[in-house]
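Okay, so here's the structure we're looking at.
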Amino acid sequence: MAGTLIDGKLIAKKVRGDIQKRVDKLKEKGVTPGLAVVLVGHDPASQAYVGMKEKTCIKLGIHSEVYRLAEETTQEELLGLITKLNNDPKINGILVQLPLPKHIDEGKVLDTIDPEKDVDGFHSINVGNLVIGKDAFVPCTPYGVIVMLEESGVELTGKHVVVVGRSNIVGKPVATLALQRHATVTIAHSRTKNLPEITRQADILIVAVGRANMITKEMVREGTVVIDVGINRVETGLVGDVDFEGVKEVAAQITPVPGGVGPMTITMLMHNTVLSAERR
Ligand code: GUN
């Protein structure tokens, strides 16, 4: 049995239609939402992501500022730029693209962003508020995963969600969001013993580890919903963390890579930016 595709591009298009209406409404009131993206260094993947964010802003009529800084930029210079953006009324959202060069303290940088402009949801205050269920900016990739599941008619209540990966950007927040929606949640990671035994228990399997094709057909039970957050560059192009060709034979529903979670991440960033402007 081949599973059905969860089409991230199609769902993103629908959600962006709603975001567009909210942008238009704000503009009628004389408000243009604004997003500032800061990129330090020349990581090719980061450069591509930043370019896509800029393009999507322009399409939706969101004011976009991109700061491309040299690899040697000092922490003080970066913190100075963030402070300037914190105080700039044209800017509703600030995103510092990760990873940062090694000489810069990532936690310090993220905690310098005004929590009310932290559209990535990475400031300690937003992370804490998310965990205790208070109003917070929800990190874009995990948020996109949840919206995809909801739009695909996948109920979370009472389901066993297995998350593979424990990063601050995806694994931990997506587990928190699933828990809030009354799922039973297991987080597996690189030190987990008997990983296939655990992944085979999943009703919903969310994979965010960054290792090409690591989840194989044998690790997935018939009827599982599979969400692949990985994007890995291999000789043949881009592939996910899930061996798509094999796993699609057993999954009930599955996201492709590319065209799955990726378009949703950018969409939720636009949502958070517009939300920030609406709250102003
Ligand atoms: N690098 C990889 N994913 C992300 C993300 O969601 N936000 C930022 N700022 N950097 C990233």
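Each residue, glycine too, has its Cβ placed from N, Cα and C.
As annotated by TrEMBL, domain 'Tetrahydrofolate dehydrogenase/cyclohydrolase catalytic' applies to 6-120. According to TrEMBL, the feature domain 'Tetrahydrofolate dehydrogenase/cyclohydrolase NAD(P)-binding' maps to 139-279. TrEMBL lists Gly165, Arg166, Ser167, Ile231 with the feature NADP(+) binding site.
Feature map: TrEMBL annotations on the structure.
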residue : record               : contacts (Cβ under 8 Å, 6+ apart)
Gly165  : NADP(+) binding site : Gly171, Ile187, Ala188, His189, Val207, Ala208, Val209, Gly210, Val229
Arg166  : NADP(+) binding site : Lys172, Ile187, His189
Ser167  : NADP(+) binding site : Ala208
Ile231  : NADP(+) binding site : Ala45, Leu238, Gly240, Val257, Pro258, Gly262
NADP(+) binding residues Gly165, Arg166, Ser167, Ile231: largest Cα-Cα distance, in Å and rounded to whole number: 16
